[in-house]
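Student: Take this structure first; my questions come after.
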Amino acid sequence: MTENARTTPEAVRTVACVGAGVIGGGWVAHFLGRGYRVVAWDPAPDAESRLRGLVSSAWPALEELGPAEGASMANLRVVDTLAEAVADADFVQESAPERLDLKIDLLAEIDAATPEGVVIASSTSGYSMSEMQVGARTPGRLVVGHPFNPPYLVPLVEVVGGERSERWAVDWASDFYRAAGKSVITMERELPGFIGNRIQEAAWREALHMVAEGEATVEQIDLAMTSGPGLRWAFFGPCLTFHLAGGEGGMAHMLDHFGPSLKSPWTRLEAPELTAGLRDRMVAGTDEVVAGRSTAELIAQRDRRLIAVARALEEVERAEAAERAGADA
């Protein structure tokens, strides 16, 4: 909270959602599930019916997760104009289609209509805030708050400002998303595609190469991920996974021992040069994540979580099989 913000992140009560498609509607569902009042606007003629249908479809999942006190679909209000949507907002989430000209104009309109001191975030997945904030009169309060679909179930939000964004707005947005139950990465600089999408895109491109060359089928690729690294990445991520691959020597041993394999023809992506500086940054970063835990502790944690994920998937699969059997009876 700084003198520039109208309210503290924890005191937010009303969120304006501009754009009510798949991402915008997912945000609406998430904010409602967290107990906020949501005012939504979308220029499409059938926007309200589609939005309420999306929220209704998402609500059982939100109830299973455990909604916040006071959470209700009745807290959604859909209005006819952008000005109405943002008039009393404590925070604005923009989720318009991915067209740069549209984003520039819309963010300028939102900025002009939104009360002073209210942070405005864009859900963009493809543009930098530096590109989008050029038409705004007060660009300092504009940031990116990039979610993953569906926003009401996938917790990650990547927050980053543009060249004209002010630090207080980036920090305020990060704190607000955390208060709203999200897992937040506050990026220190703009990066095309952000972080999660770049990692995801690397795997996706390699999958396309393997299919194109007849090396693997779509089914094999998906099975390789869901029954292999995907299970571990659900809770440790690639860096901590490779740290454990180094045994007691951790990331340092893994890089020193297996570093040359980066030059092996296992991917079409060109590997970075494993310089001493890169090695040291990887080791130091991993040490921060490990935070003093021993390899034995990490292995025990990994195994518990693998078992929990496997059991949860088995339970869901049994329930789905029972539903199919009941439908066929």
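Just so it is clear, glycine is given a Cβ too, placed from its N, Cα and C backbone atoms.
Here Swiss-Prot flags G19, A20, G21, V22, I23, G24 as NAD(+) binding site, drawing on sequence analysis.
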Student: So among the binding-site residues A20, V22, I23, who's got the most Cβ atoms within 10 Å?
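Tutor: The residue with the most neighbouring Cβ atoms within 10 Å is A20.
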Student: Could you tell me which three-state DSSP class I23 (NAD(+) binding site) falls into?
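Tutor: SS state of I23 (NAD(+) binding site) = helix.
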Student: Can you name the residues of this chain that are 6 or more positions from G21 (NAD(+) binding site) yet have a C-beta less than 8 Å from its C-beta?
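Tutor: Result: D42, S95, P97.
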Student: Within 10 Å of the Cβ of G24 (NAD(+) binding site), how many other Cβ atoms are there?
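Tutor: Result for G24 (NAD(+) binding site): 25 other Cβ atoms within 10 Å.
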